[in-house]
Amino acid sequence: MLKCSTFSSNKAYIVRYFITFAAPATFPDSDFSDDTQDLVIQDKDILRKSHHDSGTGLHVLDLIHRGSLEPDRSLYNTLFKKCTLLKKLDEARIVHAHINASLFKDDLVMQNTILNTYCKCGSLDDAHKLFEEMPVKDMVTWTALITGYSQNDQPLNALVLFPQMLRLGLKPNQFTLSSVLKASGTGTSDRYGRQVHAFCFKYGYVWNVYVGSSLLDMYARFGRMDDAWSVFDTLESKNEVSWNALIAGHARKGEGEHALKMFSGMLRQGFEPTHFTYSSVFTALASMGSLEQGKWVHAHVIKSGGKLVAYVGNTLLDMYAKSGSIDDARKVFNRLERRDVVSWNSMITGYAQHGLGKEAVRWFAEMLRIRIVPNEITFLCVLTACSHAGLLDEGQKCLELMKKYSIEPQEAHYVTMVDLLGRAGRLDQAMKFIIKMPIEPTAAVWGALLGACRMHKNMDLGTYAAERIFEFDPHDSGPHVLLANMYASAGRLSDAAKVRKMMKESRVKKEPACSWVETKNAIHMFVANDDAHPQREEIRKVWDEICGKIKEIGYIPDSSHVLFYADQQEREAKLQLHSEKLALAFALMTTPPGFTIRIKKNIRVCGDCHSAFKFASKVVVREIIVRDTNRYHHFRDGFCSCGDYW
């Protein structure tokens with residue numbers, strides 16, 4: 001029999017030959033008996049199971065066991081490499097057990113290889129057990145386990161190991177520091193990350209592209225973009241990871257313009273965007289509602305040969321839905337290579353936001369029919385859709401269905417259910433629901449009831465709900481404004497003034513309302529009574545013309561939305577200077593006839609503007625889409641997609 005030991009001086013080469021350049025003949029079922037037969041191991045057979053129950057578990061190890069192959073470090077390394085690549089944890093354990101009975105039992109390099117394999121296969125328990133049993137550990141050992149914990153969502157364990165390693169006098173390398181920084185970016189404070197930053201200076205790695213990219217990603221995750229930029233600017237060289245970290249940081253902060261600017265800069269510098277890049281950019285554009293810019297980035301994905309896989313397709317879908325184009329979102333959904341629960345949730349949310357509640361419920365039913373298992377977010381999406389469309393029975397069934405999937409309702413589910421009952425006018429039922437909830441009512445729960453009370457003009461219950469909210473957070477401007485609006489709508493201006501006075505004394509500041517519109521790839525923002533825009537006179541003139549025309553077909557200004565003492569004429573004049581009306585006038589000036597107008601607003605659209613836009617859509621013969629903090633309103637031919645149920 002020809003053994004590897006015959007070629008002891010070329011073991012590494014022989015093993016490589018066996019694995020890579022294999023002839024068809026391999027492994028007969030019977031034991032080898034022909035002394036002239038070469039042993040040939042194909043790559044696909046390297047982890048082949050034993051033929052007999054009495055074997056070691058792997059055929060290659062059986063050959064070693066009976067002397068057909070001599071134990072060889074390069075062969076063991078090949079076995080572990082294959083286990084790591086294919087995530088074959090059981091096979092890795094078999095090889096480990098075999099090594100424990102071999103000459104390599106206490107070999108540090110081999111033990112580090114095994115430790116790394118366990119970490120890459122996600123078995124941190126095996127890795128930690130081996131780590132504790134190792135009589136000798138070096139920097140590679142510590143780095144492997146730290147990296148394993150960091151990459152397997154156990155950051156605290158990684159952060160505990162790092163100072164222990166330093167106390168032993170071991171010097172971290174770029175892989176150690178990168179992994180510790182990754183772990184540091186998952187906590188509630190950047191304190192630990194800043195300490196690691198000091199170590200990066202100490203050991204001369206702060207300019208290293210890998211460590212620097214991890215460092216700026218850590219700062220970006222905590223929203224410290226100035227620090228992230230400072231690190232970025234000092235890097236001697238940059239890679240896709242550095243650019244992606246900055247783009248993702250701006251996206252998480254909702255700074256879409258910065259993210260898009262970084263994306264353009266990345267392209268100019270010749271870096272190829274990754275799936276992570278596109279996902280971050282689409283997330284940023286979704287927060288902006290910037291449809292035209294989103295289409296440009298989508299076109300770039302197509303031109304670069306990218307496919308709609310995993311989170312890229314889902315974020316693209318979400319971007320279209322949040323930018324007001326549910327039809328484009330549906331087209332993306334249909335083209336996804338694989339549709340997971342996130343894909344379905346995004347579509348259901350999109351339908352909910354656009355007021356298409358029945359369509360959202362139908363999609364949910366189809367999702368269940370094809371056995372996509374819903375999660376807690378799915379049920380929240382469906383409840384939201386039911387709330388926006390007044391589908392009370394469907395919403396109650398949805399809440400009940402959560403039990404079937406063993407999903408415990410969270411605060412958000414209860415808030416949405418209160419909102420659903422309240423919008424439907426079931427205020428007493430909503431109050432009973434709150435009392436019977438298994439959790440203590442939160443400010444958000446009472447806020448949902450307060451909003452419903454304002455909608456149905458129930459002053460007593462609304463005041464009670466507002467008082468409960470003030471107990472949780474007396475400095476939140478939202479409930480104060482809602483209560484003041486309720487009083488104003490009921491003509492109780494003195495009570496509204498008292499709420500305003502209370503806000504002033506408590507230094508509660510209302511978020512200023514603003515609206516913005518995108519034309520020719522530029523964003524134009526407006527505030528009420530805007531005097532800053534260079535075309536303000538022309539904008540007001542256009543709105544005055546529109547206002548005159550819509551009054552002729554039935555528009556009556558609702559002055560109850562003006563919250564101060566003044567005569568009727570002055571109150572009506574103030575109504576016509578609301579930010580969304582100025583944005584609409586500007587869009588009419590700067591877009592061609594028939595072009596769909598998309599307006600975004602940072603708070604809910606007021607009742608008067610909602611009424612005015614219905615009439616305006618008929619007068620200008622355009623579709624007007626308004627995205628406020630709650631939903632989309634599609635105004636077309638004198639009607640709104642919400643059916644005035646908002």
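All residue numbers here begin at 1 and follow the chain in the order shown.
Note that Cβ sites are derived from N, Cα and C of the backbone, with glycine treated the same way.
Heads up, TrEMBL stuff is auto-annotated, nobody curated it.
Features of the protein shown, as given by TrEMBL:
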type	residues	note
REPEAT	107-137	repeat 'PPR'
REPEAT	138-172	repeat 'PPR'
REPEAT	239-273	repeat 'PPR'
REPEAT	340-374	repeat 'PPR'
REPEAT	375-409	repeat 'PPR'
DOMAIN	554-646	domain 'DYW'
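The average per-residue pLDDT of the prediction over the repeat 'PPR' (107-137) is 95, rounded to a whole number. Long-range contacts of the repeat 'PPR' (239-273) within the same chain, counting only residues at least 6 positions beyond its ends with a Cβ under 8 Å from a Cβ of the stretch, are 209-210, 212-213, 216-217, 219-221, 223, 225, 228-229, 232, 280-281, 283-285, 287-288, 290, 293, 297, 300, 304, 523. Beyond its flanks by at least six residues, the repeat 'PPR' (138-172) meets 108, 111-112, 115-116, 118-120, 122, 124, 127-128, 131, 179-180, 182-184, 186-187, 192, 196, 199, 203 of its own chain at Cβ-Cβ distances under 8 Å.
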